[in-house]
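So that you can see what the record holds, here are the features copied from TrEMBL:
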- 27-48: transmembrane segment (TRANSMEM)
- 60-78: transmembrane segment (TRANSMEM)
- 90-113: transmembrane segment (TRANSMEM)
- 125-150: transmembrane segment (TRANSMEM)
- 162-182: transmembrane segment (TRANSMEM)
- 202-221: transmembrane segment (TRANSMEM)
Amino acid sequence: MADQSKKEEEEEEEENPSISLSVPQAFLVHLISGLGLAISLWVAHNLYSINLVSHSSITLRLIWIVESATVILIYSRFRIDPQQCSYLKAVVRGILALPVGALVNALGAIALGAPVGIQYLPKTINWSLLMSSFTVAPAASVFGLSWTYWQRIFAQTKPNGPLEYMICIPAHGAVIGGWFGAWPMPLDWERPWQEWPVCVTYGAMTGYLVGMIVSSGFVLANGRRQRLKED
């Protein structure tokens with residue numbers, strides 16, 4: 001029975017490309033992703049003197065352009081099928097997935113009560129592209145159209161191994177953070193930051209960063225478990 005269980009674990013590891021990602025590599029990927037977000041906010045504030053409250057659409061556009069480029073370029077290095085898929089192809093499929101993920105996020109936000117109207121359209125588009133950078137673009141760069149991985153990460157929420165932790169947990173963190181960030185919107189405080197999608201964006205970014213920290217913990221725990229197995 002123990003031999004069979006061990007054999008199943010070995011087969012699972014062979015099928016899971018996440019084991020090729022070391023703990024330092026995982027931390028570096030998260031660090032670069034977080035720096036992309038920080039740099040875009042710094043540039044918006046210090047070079048253009050804008051922020052999410054004063055110029056929501058323009059600031060969101062700057063953030064998603066920087067963050068999407070960062071995550072697509074770095075996650076494409078860890079594609080699951082390097083023999084069949086070149087680095088350039090992985091980058092291209094991440095770029096193509098960006099608007100698709102934005103459409104899904106936009107429809108989800110509207111279904112949950114996001115305002116609809118011409119005046120909100122630029123904000124919604126840029127917010128959705130940012131959310132796609134957090135959720136869909138990294139997964140598309142790594143997994144392509146492999147339904148097995150998409151189902152396990154987004155439908156079943158059962159990531160397996162460091163790479164899947166790194167994609168799954170921050171993505172869910174961004175969605176959950178955005179949902180919590182929407183709570184102040186209907187309150188009658190009449191504050192500028194309550195406008196769509198300011199507080200939702202701050203919530204999503206916070207959830208994304210928290211998700212990266214949590215996933216780093218899972219990656220570290222997974223690395224320790226692998227070392228114990230080897231010993």
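Here the Cβ of each residue, glycine as well, is placed from N, Cα and C on the backbone.
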| Maximum Cβ pairs under 8 Å to the transmembrane segment (60-78) - stretch from the list 27-48, 90-113, 125-150, 162-182 | 125-150
| field | Range from 90-113, 125-150, 202-221 with most C-beta pairs under 8 A to the transmembrane segment (27-48) | value | 202-221
